[in-house]
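Trainee: One structure is given below, represented as structure tokens, and several questions about it will come after.
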Amino acid sequence: MALAHTLGFPRIGRDRELKKAQEAFWKGELDEAGLRAVGRQLRAAHWQVQKDAGIQLLPVGDFAWYDQVLTHSLTFGVIPERFRAHGEAGPTLHTLFGMARGVSDDSCCGGAHAQEMTKWFDTNYHYLVPEFSADQQFQLSWEQLFEEVDEARALGHQVKPVLIGPLTYLWLGKAKGAEFDRLDLLDRLLPLYGQIFRRLAGQGVEWVQIDEPILVLDLPQAWKNAFERAYNLLQSEPLKKLVATYFGGLEDNLGLAANLPVDGLHIDLVRAPEQYPSILDRLPAYKVVSLGLVNGRNVWRCDLEKALEVVRHARERLGERLWVAPSCSLLHSPVDLEREDGLDAELKSWLAFAVQKCREVAVLARAATEPEAAEVLAALEESRAVQASRASSPRIHKPAVQARLAAIKASDAQRRSPFAERIARQRAGLDLPAFPTTTIGSFPQTSSIRLARQSFKQGKLSEAEYIEAMHSEIRHAVQIQEQLGLDVLVHGEAERNDMVEYFAEQLDGYVFTRFGWVQSYGSRCVKPAVIYGDLSRPRAMTVEWIRYAQSLTDKVMKGMLTGPVTMLMWSFPREDVSREVQARQLALAIRDEVVDLEAAGIRIVQIDEAAFREGLPLRRNAWPHYLEWATEAFRLCASGVRDETQIHTHMCYSEFNDVIESIAAMDADVITIETSRSDMELLEAFEQFDYPNEIGPGVYDIHSPRVPSREEIVALLRKAARRIPAERLWVNPDCGLKTRAWPETEAALVNMVAAARELRGDLARG
């Protein structure tokens, strides 16, 4: 039969045991021995559950105490000087967690900021960015991989250690200090891979998986050349080597990947099914091909019949050289569907989490040589029933939603008048001062707010009691904003647990799991909502809260919504329709809410698109199509209102240059952005492009409890006013204030309002 394997398994545990142990360790409630015991138990359980599901070659090295890239940094001795405890023989778990979370001033290292964290390709997982110096030296400094191989082999498992490849590891890092080419470090790094391979061979390992996902990116020629050189050098080292690619197609790197002097190649046929015939034609006859046929990034069951067509064809061409796997590591999938006890039977039958995906992989591998086996036939029959159910279910397919989608006209995604005409009407109606002050939406989520929400969900608070509790929080937020002298107020979002979940709970077509947790980073786990069907809004979602807030003040109250692209990017999407279609459905639902807010007397509506840039495809040639439908979805949700109603959007990331035209195409009247940490340098993109609409550059960093002085904010605003005309500038924090405490929030806003008033004085004096 074909060989069944996985590229990695979720490390958090069925009940998030790793998260609980990490946090107990950080609080001093669990010692290192206790933490390590939890790790051993989880690894043993995860290997066994994969083996029981039919996986023949088990991944080792996919477990990490915080993040797999960080584990590699410790393994290679890539530890910034600020985390090196002098006198210690080598790195410890305290070193690892210090690199991830920072070190307080009273520790042995005297205080050190954490390493930068960023998204792992186009997933919602985050990794710790390696920091390289020009004189970087590499040395094996962390024994975790070898210890875990011994653990797994002692339990009787056939193992396949997993390593991030040398080129991907260097690509993911950043040069610190003097500028230099990271490829200059390759010759220093490669000997460590040789050492690792030799040690693994000595432990009885036969195969090693080397992850090189950057092969699905647009690579400079120098990096392509480096692949050939690196793997030619590694060719002489022991072990059979499987190079794993995922998250996309190899495209122009296909020939390079196919001809690397290794023993096998894994390809993602979920994201890029079209690459299958070319790979088979280009691959040398001695190589194993691992086909990623089960989606490792989503929660839907595999269409086994469709996947089996590929397996049968591959079996004829490859014989014993065929392996079957998920498309990528199952790190991005929840752990076990069997934990779900609140889903109805039909919906649950459509889903598969990591454990179930292992079984699907095993069935496909077995079907290659035993197509008539009872287990295979039963699984195929069940899969056919699931696909038929999903194809015809009225829960999924809503004629009214589809008819509305089909009726969309180009004019529906355009405001009635150009910005210049709209802004004149808005300024006349809103009557705001120069440098108007506002916040991004949320105010501190106190323990009393969280307790009230939890008590209401558990039935301990009646609806009337819950509404009064939230009204009390809204009154408090409005009162403070009026006392501070803010110009445009918000209601504070006390009733919202999460900017996606709050809306998803109120839309038809979404479902929530109880245990569908996935790791975002470290101990942070998220439970994305699942889009299972056509999306619509049965009733207003925010209107009563905002209407109540507006009734408390004569000042302008801003409505707060999450945009369609962000809703989509932070959910598990459908696989049976495109992301574009799902974004349009979400846009129509949000459009209805915007129109209802306007009808309720709300004159400013903010539609947050925090994930707009995150949705960009990995390959540049796919950007134009994404940007076209993403900007259209925003305009569609924002264009149902009169010219007098002002539409804001908020984006929180640090790179605008390459998407500035698309941001302008969204045609929001005001965009608020995160700029304080870049000292307003981000505004250069808006200045050079001559961005036409109004801008609120964030004037202080909400991620820090530090209160900025009035003078600091004045300096930033003056810097901004040199790039953007003063009449188009707003004054606001970088982001929402949900995670801050009230004292620091009030202190910072006092200084922000004072700074805006000083700028108005400058303007008046000319």
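Cβ atoms are placed via backbone N, Cα and C, with glycine included.
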Trainee: Which of Glu628, Glu632, Glu674 does Swiss-Prot put in the same Zn(2+) site as His650, Cys652, Cys735?
Mentor: Glu674
Trainee: Given Swiss-Prot annotates Ile440, Gly441, Ser442, Asp608 as L-methionine-binding, which of Glu482, Glu493, Glu655 belongs to that site as well?
Mentor: Glu493
Trainee: Which residue of Glu465, Glu468, Glu473, Glu614 does Swiss-Prot report at the same 5-methyltetrahydropteroyltri-L-glutamate site as Arg16, Glu17, Leu18, Lys19, Lys119, Arg524, Cys525, Trp570?
Mentor: Glu614
Trainee: Within the chain of Cys735 (Zn(2+) binding site), which residues six or more apart in sequence place their C-beta under 8 angstroms from its C-beta?
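Mentor: Listed in sequence order: Ile440, His650, Cys652, Glu674, Gly698, Ile702, His703.
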Trainee: Of Gly441, Ser442, Glu493, Asp608, which is closest to Glu614 (5-methyltetrahydropteroyltri-L-glutamate binding site) if I measure between C-alpha atoms? They're all binding-site residues.
Mentor: Asp608
Trainee: Could you check which of the binding-site residues (Gly441, Ser442, Glu493, Asp608) sits closest to Lys119 (5-methyltetrahydropteroyltri-L-glutamate binding site), going Cα to Cα?
Mentor: Asp608
Trainee: Between Glu493 (L-homocysteine binding site) and Arg16 (5-methyltetrahydropteroyltri-L-glutamate binding site), how many Å separate their Cα atoms?
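Mentor: Between the Cα atoms of Glu493 (L-homocysteine binding site) and Arg16 (5-methyltetrahydropteroyltri-L-glutamate binding site), the distance comes to 28 Å.
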Trainee: For the 5-methyltetrahydropteroyltri-L-glutamate site made of Arg16, Glu17, Leu18, Lys19, Lys119, Arg524, Cys525, Trp570, Glu614, how many Å separate the two farthest Cα atoms?
Mentor: 29
Trainee: Taking the centroid of the Cβ atoms of Ile440, Gly441, Ser442, Glu493, Asp608 as the L-homocysteine site, which other residues of that chain lie with their Cβ within 8 Å of it, listed in sequence order?
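Mentor: Those within range, site residues removed, are Thr439, Val490, Met499, Met560, Gln606, His650, Gly736, Lys738.
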Trainee: I need the nearest neighbour of Ser442 (L-homocysteine binding site) among the binding-site residues Arg16, Leu18, Cys525, using C-alpha distances.
Mentor: Cys525
